[in-house]
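**Q** Below are the features I grabbed from TrEMBL:
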DOMAIN    12-389  domain 'Major facilitator superfamily (MFS) profile'
TRANSMEM  12-29  transmembrane segment
TRANSMEM  49-66  transmembrane segment
TRANSMEM  78-97  transmembrane segment
TRANSMEM  103-125  transmembrane segment
TRANSMEM  132-154  transmembrane segment
TRANSMEM  166-186  transmembrane segment
TRANSMEM  216-239  transmembrane segment
TRANSMEM  245-269  transmembrane segment
TRANSMEM  281-298  transmembrane segment
TRANSMEM  304-327  transmembrane segment
TRANSMEM  339-359  transmembrane segment
TRANSMEM  365-386  transmembrane segment
Amino acid sequence: MIELKTKAFWRATIALGIASFFIFANIYFPQPLLPVFTDEFDVSPVVSSLSISLALFTLGVCFFIYSALSDAIGRKKIMMVTMGLGTITTFAIAFSPNYETLIVLRVLQAAFLAGIPTIAMAYIGEEFSVRALTLAIGIHISANTVGGMSGRLVSGFVNDLVDWRFAFIVMGVISLVCLIVFAFLLPTSRQFQAQPFHLKGAINGYKEHLKNPTLLYAYAIGGLHFFIFVGLFNFVTYLLSDEPFYLSTTILGLIFLTYIAGTISSTLAGKVSARIKSSTCVAIGIVIMVVAMMLTLVESVLVIFVGLLLLCFGFFFAHSVASSWVSRRAEFAKASASGLYLTSYYFGGSLGSVYLGFFWNGWHWPGVVVGALLVLVVTTSCMLGMKRIEKAENKEALSA
């Protein structure tokens with residue numbers, strides 16, 4: 001087993017952090033470029049946002065496939081192959097002759113990248129000792145945020161410097177470097193034991209989880225919050241690139257520095273939820289998101305930036321609590337229960353721009369905010385459902 005703070009620990013942790021960076025830098029790379037795609041390919045904002053939405057949808061679909069393959073074939077081998085294929089598609093996107101080709105390549109890219117998150121977590125669970133596990137997972141998750149931010153910053157900056165096609169070439173080079181370092185650093189699996197995949201048993205497990213209202217509340221909260229979160233960040237690029245702001249893609253990339261607030265709130269949520277009820281923590285996240293959205297209605301770049309900071313803080317605060325709710329309350333097959341949470345999360349993120357696009361087309365940014373607030377009404381009702389479950393659990397504990 002890999003022990004805490006040994007040479008093997010740092011090699012494996014850095015390698016898996018690089019893999020995490022690789023995924024999310026590539027997935028969110030086009031987000032500051034959405035207005036550029038609208039102009040370049042003469043497509044609507046909703047169609048332009050498909051470059052993000054369809055990639056997230058594909059991630060959600062492919063998680064299950066790679067879990068099965070990895071259990072049968074191994075860990076490092078599949079991660080290296082998927083990173084290699086993902087890098088090739090990043091380079092290929094730079095030469096897309098039309099928007100349809102770009103979308104197809106983005107879907108392929110996401111299908112390859114989906115192999116990394118689930119397999120990386122399985123590798124950590126098998127290879128790391130109990131003492132080393134928490135720190136390894138923390139570093140791996142932190143790299144998600146750093147990757148997402150960095151990809152957006154690079155795309156915005158390079159587009160202003162040269163163009164969007166060259167930006168994808170730069171990302172391809174970064175991806176290739178990540179692949180080489182990952183392959184060199186990650187120790188080969190020693191605890192892995194190949195297991196046959198039983199499709200029927202896996203499907204039955206998923207069905208049971210989906211019948212459990214305790215888990216469904218968390219799935220709905222995670223999925224619906226990401227549903228509006230991705231949509232809001234997609235359309236805020238149009239808000240800020242148009243009058244009266246006219247921000248460049250470099251500056252648009254900088255707005256994603258607000259994700260730093262999410263890194264902080266994710267850590268804070270773990271400490272707060274140890275002291276107060278999970279439903280109360282989710283309620284705090286929802287209230288912060290509402291305040292954040294109202295601030296984005298003010299016609300000031302600084303106030304909008306503060307609003308986006310708060311939006312990230314509230315979103316990741318609630319997301320962290322909802323995710324841990326599933327881990328704690330799943331009665332069996334915890335890995336598949338957590339996998340369903342990830343699937344609902346990414347499915348939500350893939351569809352939000354389509355829903356909010358209706359409001360953008362009719363009423364622009366104020367309409368988008370109203371559409372997002374309507375979704376928070378639904379997640380508030382889910383939070384109240386969680387509260388009822390907690391009350392019932394307390395009654396059972398007192399009567400026992």
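Yeah, the Cβs are placed from backbone N, Cα and C, and that goes for glycine too.
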**Q** Averaged over the whole of the domain 'Major facilitator superfamily (MFS) profile' (12-389), what is the pLDDT?
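**A** The answer is 88, the mean pLDDT of the model over that range.
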**Q** Considering pairs 6 or more residues apart, do the transmembrane segment (339-359) and the transmembrane segment (281-298) have at least three CB pairs under 8 Å?
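**A** Counting Cβ pairs under 8 Å (6 or more apart in sequence), the transmembrane segment (339-359) does not reach the transmembrane segment (281-298), since there are fewer than 3.
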**Q** Give me the stretch from 132-154, 216-239, 281-298 with the greatest number of Cβ pairs under 8 Å to the transmembrane segment (304-327).
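**A** Result: 281-298.
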**Q** At an 8 Å Cβ cut-off, counting only pairs 6 or more apart in sequence, do the transmembrane segment (166-186) and the transmembrane segment (281-298) clear the bar of 3 or more pairs?
**A** no
**Q** Which sequence positions outside the transmembrane segment (365-386), separated from its termini by at least 6 residues, show Cβ-Cβ distances below 8 Å to it?
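**A** Here the qualifying positions are 213, 217-218, 220-221, 224-225, 227-228, 231-232, 235-236, 239, 278-279, 282-283, 286, 289-290, 293-294, 296-297, 325, 355-356, 358-359.
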**Q** In the same chain, which residue numbers or ranges, 6 or more beyond the ends of the transmembrane segment (216-239), come under 8 angstroms Cβ to Cβ?
**A** 31-32, 34-35, 38, 45, 49, 52-53, 56, 210, 245, 252, 255-256, 282, 285, 289, 293, 296, 304, 308, 311, 315, 318-319, 322-323, 325-326, 329, 340-341, 344-353, 355-357, 360, 364-365, 368, 371-372, 375-376, 378-379, 382-383, 385-386, 389
